[in-house]
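Feature list (source: TrEMBL):
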type     : residues : note
SIGNAL   : 1-18     : signal peptide
DOMAIN   : 39-132   : domain 'Cadherin'
DOMAIN   : 133-244  : domain 'Cadherin'
DOMAIN   : 245-351  : domain 'Cadherin'
DOMAIN   : 357-470  : domain 'Cadherin'
DOMAIN   : 471-574  : domain 'Cadherin'
DOMAIN   : 582-688  : domain 'Cadherin'
TRANSMEM : 699-722  : transmembrane segment
Amino acid sequence: MKNVKILHFLISLFTAQADFAPYFYDNGPYSQNGNLALFSLSEDMPVGTQIYCLNGTDPEGQEVRYGLSFDPGSKEYFSVDPESGNITLVEKLDREKEDSFDVLVSITDGQSKVVERVTVFVMDANDEKPEFQNMPAIIDVLETTQSGSSIYKVEAVDRDTGSGGSVTYYLQNSQATPFAIDRHSGVLRIKSGEMLDYEKTKTHFVTVIAKDGGGNFNGKEQFLSSSATLTINVIDAQDTPPSFIGTPYFGYVYEISVPGSEIFTVVAKDGDVGNPNPISYSFEEGDDGVFSINKTSGRITLLTLPIYLKREIFNIKVRASEVSPEGRLMDYGVTTVVIRVVDLNNNPPTFYGEYGPQNMFELTMYEHPPEGEILRGLKITVNDSDQGANAKFNLRLIGPGRMLRVVPQTVLNEAQVTILVEDSAAMDYEKHHFLTYKLLAVEIDTPERFSSTADIVIHLLDTNDNAPKFSSDYYIARIPENSPGGSNVVSVTASDPDSGPWGEVRYSIYGSGAELFLIQPASGIIYTQPWAILDAEVKSKYNFYVKAEDAEGKYSLAEVFVTVLDLNDHPPAFNDNFLEKTMVIGAPVKIEAVDDDAEVPNNVIEYAIMKAEPDNNIFDINAETGEIMLKSYIKSIAIIQNITKQRDFTWSLVVQARDRGQPSFSTTAVVKIDITETQLNGGRLGSFLLQSRNKPMQILGMLAGVISLMVIITVLISTATFMRNKKSNRILPNRRIRRRPRKQHTWNFKNPFKSPETPGEKFKNVNYNNNVGKVMTQWPPPPPPCVPAVLPPPPPYIPRERQWAVPTISATVAPNPKKKPAITRQDTVNKALVSELKMRLEQKKMLKH
């Protein structure tokens, strides 16, 4: 049993001896892990940065944990993660306050713990500005200090190390100051060639800038600087002579001055105002013994009466000297005092006429004198009895407008006053019967500014300088037509502002439109001639000129426009009281009445159907145009037969034409209308033949006229051809002409009552009743009939009655050419037609016999 216990003891002892303590790795001073020995970091390291990692091990391989601590009372800059050993910065570092500190780092495996003391070094960053040790400061410097002398040494310290702790010195606005500083030592000197002057500048303010050499901060290069002000007071020295205050100096001796009168007082001060000396005054020259000066006060006085002064102006030189404490005269200054002997200003300017002083001048003259003319009726003199500047004054003319001006404008002692005309047009009797001006004389250079005035009254006489002027450039009048002779038309008015007979106006009229009118010469009333008859339908507008003239023939013109107002004095009138019209179903017929009145509504006509026979009224009429048409439901003759129960399609309408005047007039006409369904071809000629079917003599007359016109044209053409050949002496040879037999052409004459065979030969009549003159034809027109080379022989005579057809010609009217056309094939056709017509007429005569 005892042996067993010994065995257990030995085993436990062996086991205890085998448990080794953990330890840190020592990786050197530049490693980022280990035991933190000799570790350093910059003072600008941001708080919260991981700066190091503790690293160690346990010989038995046990898990280790880390820790760190600081001495009591010390600031704890770091914290550590026990497991990873990462060390984090938790407090801001400042090398200038603490450049190193100790840290206790530990490692444990749970059984054993190892603690080590290590030192951490804080490295410098350029985070401190230079600090002045003796600034700001105030120093005193004597103004006589020599240039280049040292007057002060500036000291500044930067607590950073290296280049960030070096300091250099500069002056702000170094060009504008008389001082310079050594950039390394900080010694302040007066610049070479510069001197201090108390009289110019008593105090200088010098700003000194201290700047470090720069260094790294937060990873960037940084330069820091500070500034401070040095106040330099300049101490005055006795180096400046006295100076006079308020120069230049002027004094005056007046005619009433007496001996002992104060003329002027001079004032001087020592230029060394910091420590001034008393001043003593004296004359150097120019006083002529007639003036004296007080040595202490500088007061100059008169020693004699002004009448004994031999000069008007005295230039006296006065000396001001410094007096030393011992009573010795030192530095001095000199100035000049100008003393003028002057007359007292006790006389104002005065105006004189021919018989002495006068303040009222009058003149009578005609209006509108020439510009620049002198008003010679005004004899004015002005005088000031004073002397020199006291006798100098200005003349001004005050009054309406700028009609007159005065010469001269500046006077010394005395002058003759001249008044000139400046604006002739403004001197108008019609505007001003008289003009009132004030002539003003005012002294220029005197304190009293004495003045005097004189009244100038100019009475204007009238001249005939105005032409009569109408109240208007034109007059517009209206008079009803049929007004009796002597009726007033309009009254014109003209005025002449001139006076007397020049202002009396006489009126007259003239012009192409004045023959029906007269004017009263005195009153300007225009009236019609006693025999004048005004008719708006003949002439409704008259214009002429009216003349207004004064006694000397000056005149002006105005234009008169007279409108004759239309009265409803004409009833409407048809061309015929009985009208015959042919109406084709679907087309209107038009009737027209004319009203000779000149204006609307007197000449505006309205149409109405008053009565229809038979009684069944199947017509409508357009009240404005006079177009008569069938009622809209009547489309054929059959409808008319069903309505009227008649075979006759002829109606008689009583149509009324009424104007719109007041009072209104009306006229009636009977319109006979034949209704047909057939469209009549042949244009105007067809319509004419249809309307004249019961008048054969009218048709024969028309045909005879056409034939006569063609014969005349043929004779003219033949005569012209003969004359042309005769004039050219043309000799035509006689020769036999053999003609080739040609096929005889038949003559086909178109019947106006027969429809054309081809569509191209039709004439389209827009208005089937020929009530509208515009007829449209198919274009191009049908070709003319072909003319045979040889006229056909006359037909054999058959002694029996037969129907004789009237030949017609279809053609279109072409515009007249500018030049006479040559003979064409159409002329030949016309000749053939004329020959054929002659032959038919001969045959008709033979049949009658």
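Every residue gets a Cβ built from N, Cα and C, even glycine.
Predicted automatically and left uncurated, TrEMBL annotations should be read as such.
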Decide whether the stretches the domain 'Cadherin' (357-470) and the domain 'Cadherin' (245-351) have at least 3 CB pairs under 8 angstroms, with pairs required to be 6 or more apart in sequence. yes
Using DSSP three-state counts, the residues of the domain 'Cadherin' (582-688) come to 14 helix, 44 strand, 49 coil
Across the domain 'Cadherin' (471-574), what does the mean pLDDT come to, as a whole number? 90
What DSSP reports for the domain 'Cadherin' (39-132) is 0 helix, 44 strand, 50 coil
DSSP-derived helix, strand and coil totals, residue by residue, for the domain 'Cadherin' (133-244): 7 helix, 53 strand, 52 coil
